[in-house]
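Summarising the annotation, TrEMBL assigns Zn(2+) binding site to B:CYS100, B:CYS103, B:CYS140, B:CYS143. Marked as Fe cation binding site by TrEMBL: B:HIS132.
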Number of protein chains: 2
Amino acid sequence: MENRVERIKKQLHEQSYKLTPQREATVQVLLENEEDHLSAEDVYLLVKEKAPEIGLATVYRTLELLNELEVVDKINFGDGVSRYDLRKEGASHSHHHLVCIECGAVDEIQEDLLAEVEKIVEKDYQFKVKDHRLTFHGVCHRCQAKVKKNEESAEAASLHTN
Amino acid sequence: MENRVERIKKQLHEQSYKLTPQREATVQVLLENEEDHLSAEDVYLLVKEKAPEIGLATVYRTLELLNELEVVDKINFGDGVSRYDLRKEGASHSHHHLVCIECGAVDEIQEDLLAEVEKIVEKDYQFKVKDHRLTFHGVCHRCQAKVKKNEESAEAASLHTN
DNA sequence: TATAAAAACGATAACCATTCTCATTTTAAA
DNA sequence: TTTAAAATGAGAATGGTTATCGTTTTTATA
Ligand SMILES: [Mn+2]
Ligand SMILES: [Mn+2]
Ligand SMILES: [Zn+2]
Ligand SMILES: [Zn+2]
């Protein structure tokens, strides 16, 4: 885990960006909240806990930089904010997302389901694919379970009143 | 073509929304620019040509409404604006997009390439898929042709100077 | 056709995520 | 240490979108 920060710092250094405590704290926060999809404001509040003097503009600048270095993906789920999603190390593109229209949860699919589709796109549309964004909107497994449970108890209640 | 407007108007009426000239003009503009991906501002300027008294707020409200009726998809390509994309009639989900990182062009894929992938998502992730968003980022066929042409003329020039 | 309530409208103020500006501080290499 | 370039923090500015509110339009009903 610690290595991960070191490697990102190295990457910054290689591209002749300076290693500032603000940048390190921001990367730390992203690593510690890898499963979430934080907005710039979210990151700002979390970074402030370990580096209270940091400014919001610096957080934006750092996230922008990390996006250019392909350390994070800047994604947008249609609410009014950009979210910053850490890439798995060495991943060559953005992972897929499952957005629940019932509870708002965002789950991830780490396996690449688009290999075949990309072949078709390259062949049939002569488009050289560099990256992709794939998001499914629907009902998550938790909300499906909830509905099923409610249906069962409604049935049970109906048996009682008959 | 004319039928398309009529059907959308009917759909509004069925859901007890009122049929106003502003809404009709907005739908007209969307139909006349089906291949584009217009922002609210874009739509506003185009609608003003045929209904100069219309307000920007009304355009936003109409686009929001059409999005709820699933007549348009509100999409976001990562520049700071929402874009409104007319659905093909009867289409049950959003079509795919090809965004060129060289020239910025946005091309469309109308065929559904995700049927197999969605089966996997439903089975392996117990996620009930209702809709999807799929965008590829890469180099469009026009830009690829341009690069190839440049390489050829560079080669030709090189032959001359030798 | 006249009436009236609900819905929709236009103008514009407010909101708010993001970017820009600029004076000050920090970094990194010599 | 010195120094130039890069980075930072505070807060102003920007710009897309939404909210407000008084007026107008629509549509159902009498
Ligand atoms: Mn993610
Ligand atoms: Mn489209
Ligand atoms: Zn859910
Ligand atoms: Zn192109």
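A Cβ is built for glycine as well, from the same backbone N, Cα and C atoms used for every other residue.
In TrEMBL, annotation is done automatically, which means it is predicted and not curated.
This view paints the features noted in TrEMBL onto the structure.
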residue  : record                 : Cβ within 10 Å
B:CYS100 : Zn(2+) binding site    : 21
B:CYS103 : Zn(2+) binding site    : 11
B:HIS132 : Fe cation binding site : 21
B:CYS140 : Zn(2+) binding site    : 22
B:CYS143 : Zn(2+) binding site    : 18
C-alpha spacing of B:HIS132 (Fe cation binding site) relative to B:CYS103 (Zn(2+) binding site), in angstrom: 25
Of B:CYS103, B:HIS132, B:CYS140, chain A-adjacent binding-site residues (C-beta under 8 angstroms): B:HIS132, B:CYS140
Sequence-ordered binding-site residues from B:CYS100, B:HIS132, B:CYS143 with Cβ under 6 Å of an atom of ligand 4: B:CYS100, B:CYS143
Nearest-integer angstrom distance between the alpha carbons (Cα) of B:CYS143 (Zn(2+) binding site) and B:HIS132 (Fe cation binding site): 28
Nearest-integer angstrom distance between the alpha carbons (Cα) of B:CYS140 (Zn(2+) binding site) and the residue listed as 'Fe cation binding site': 22
Three-class DSSP secondary structure - B:HIS132 (Fe cation binding site): strand
Residue pair the residue listed as 'Fe cation binding site', B:CYS100 (Zn(2+) binding site) - Cα distance, angstrom, rounded: 20
Three-state secondary structure, B:CYS143 (Zn(2+) binding site) (per DSSP): helix
